[in-house]
Amino acid sequence: MITNKYKRIEYLGFDDRWFAAIGVLLLGLSASYLFNLTVVQLSTIELIITFVASLFFSASDWLINRLILIRLRIIYPSLKDSAKRVTLLFIGTLLTVTIVDFVGVSLISLFVENVSYDFQERARSLVVIVFLTTMIMAIYEAIYFFVLLKKSVREEEQAKQAIIQAELDTLRNQVQPHFFFNTLNTLRDIIDQSPREDAKQFVDKLSDIYRFLLESGDTNLISLKAELKFAKAYMHIQSERFGDNLKLNWNIPIAIEDKIIAPMSLQLLLENAIKHNVISRSRPLEINISIANGFIVVTNKIQKKSTQLPSTKVGLENIKKRYALITDRPIEIENDGHLFSVSLPLLDTSLLEE
């Protein structure tokens, strides 16, 4: 008998103490009643003896079948083995009930007159007891099946989450080297075009940006406030490079800054706008960042370069994949040939708790 509560839960799926106590009592009453139907004119003391004996052997029957059940679960633990486990359990129940009944009646006959074991007389009682015991074992098996099913669903969900997390990690790790490469190119341009002091300021700003990258490196979601701070620091660096030829219009209400988005997603959109469009004194690039219908929207006029830089597939595709893994709200892309806009869903902070 398993006396440890946690072991009972491990092998049976629940703590069965009360279930066993009540079940043994009911099974004992049933066995005593069925036995007394086959014997007439029992004295009071004989009735007490038969009831106590029925209770004892019902408990023995229960515990033996329970041990068989546990042993079968150790040998055949998985859901796919359920049919084999149930078949063997039924055979075990049939043998156990028959043997316990024979031993029980034989022992009772030592204390009660005119009692002997007759299989034909006991057959009807045996059928009832086997049926009741089988129902009890079926309850055990149904609970165990339900527990295994829940465990299987939970493990499947955990496996899915692990796969999603691995994909997110891959996508996030893809972004950071890409960003590092681009900022080094920007630093080279500033050193070529500007005094040494400007380059020093650029490096200071860059150190702030990389501090952000280190702090948010393992997160899949970040507050809009933090992402805006990062994006503005990045655009400050780009402003050093392009001067008045790059214009930014930030129209973000403070009240919306508690929403969350994928880290570096806004920065990637701004980077893409700069990368794929002409920025010059005669054709300055204007980028608008605003909020509309639960999205943060980045819009710019299309000013295609005559020679397009080769795509690294890190920008929009990276953002789309990350959002697809995080939420069922996709990013929205619009291109009418004149204006290009990308809308990123603003997510609720409840996602951080999942």
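Each Cβ is built from the backbone N, Cα and C atoms, and glycine gets one as well.
What TrEMBL says about a protein is an automatic prediction, not a curated fact.
Among the features that TrEMBL reports, transmembrane segment is placed at 18-35 (among others).
Same-chain residues lying 6 or more positions outside the transmembrane segment (47-65) and placing a CB less than 8 Å from one of its CB atoms are 1, 20, 23-25, 27-29, 31-32, 35-36, 39, 89, 92-93, 96-97, 100-101, 103-104, 107-108, 111-112, 129, 133, 136-137. The transmembrane segment feature in TrEMBL is assigned to 47-65 (among others).
Through the fold, the transmembrane segment (86-112) approaches residues 31, 35, 39, 42, 46, 49-50, 53-54, 56-57, 60-61, 64-65, 68-69, 72, 76, 122, 125-126, 129-130, 133-134, 137, 141 of its own chain, all at least 6 residues removed from its boundaries and within a Cβ separation under 8 Å. Per TrEMBL, transmembrane segment is recorded for 86-112 (among others).
Proximity of distant same-chain residues to the transmembrane segment (124-149), defined by a Cβ-Cβ separation under 8 Å and at least 6 residues beyond the stretch ends, is recorded for 12-14, 16, 19, 23, 27, 30-31, 34-35, 37-38, 61-62, 65-66, 69, 73, 78-79, 82, 85-86, 89-90, 93-94, 96-98, 101. The transmembrane segment annotation in TrEMBL covers 124-149 (among others).
TrEMBL lists 166-246 with the feature domain 'Signal transduction histidine kinase internal region'.
Mean pLDDT across the domain 'Signal transduction histidine kinase internal region' (166-246) comes to 71 in this model.
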